[in-house]
Amino acid sequence: MVSFSYLLLACSAIGALAAPVEPETTSFNETALHEFAERAGTPSSTGWNNGYYYSFWTDGGGDVTYTNGAGGSYSVNWRNVGNFVGGKGWNPGSARTINYGGSFNPSGNGYLAVYGWTTNPLIEYYVVESYGTYNPGSGGTFRGTVNTDGGTYNIYTAVRYNAPSIEGTKTFTQYWSVRTSKRTGGTVTMANHFNAWSRLGMNLGTHNYQIVATEGYQSSGSASITVY
């Protein structure tokens, strides 16, 4: 995921550099209408809603609609998306105990996870509670396991090169805890994951935001989640 402010700055710079020497006129034809429809949905944004921090980011592909609800609730529906991540939680993150519940129905690749970032070092982390057709741990390096909250989580690390982050395009490490028995509600004791990661030399930095997120990648689906 990437910060919304960085995207706005990048888009402004791209627009300035790409301005044509001579003005062009285009008609709003069927092709333009089709392209607009493919990119329909909720724009990227962050902020506070009903006492919870929310973050929603999309690469603009496909159709994804994110809606904040009462309290810690949100819903998201997506169809043929590129990539998006959205949810509600806190800013800054911490080793808190999180309770959540709801529904998560991906058709294809998607994750339901506690998701957050730290800086110094720049770390993107996931505690995955459920996923669709792709186990995100399969692309990483297995580091160990942690037993907590009635289940076993496999721990992985991965490196993202020149990828979007909360600090712009950077190379950074991802930390993953992936639950072996999927669920869509319960308690997540973040202190247990952070301590397990630390014992494996996987250190975190200064916490940025931390949300219970739904992520979709080249897929369709729906989710309705409440954070307590």
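Cβ from N, Cα, C; glycine included.
Taken from Swiss-Prot, the feature active site, nucleophile covers E124, and the record attributes it to sequence analysis. The active site, proton donor annotation in Swiss-Prot covers E215. Positions annotated as domain 'GH11' by Swiss-Prot, on the basis of sequence analysis: 40-228. What Swiss-Prot lists as N-linked glycosylation site is N29, and the listing cites sequence analysis. Taken from Swiss-Prot, the feature signal peptide covers 1-18, and the record attributes it to sequence analysis.
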Would you identify which of the active-site residues E124, E215 has the most other C-beta atoms lying within 10 angstroms of its C-beta?
E215
Reported mean pLDDT - the domain 'GH11' (40-228):
98
On the three-state reduction of DSSP, what should I expect for E215 (active site, proton donor)?
strand
Where the residue listed as 'active site, nucleophile' and E215 (active site, proton donor) are concerned, what is their Cα separation in Å, rounded?
14
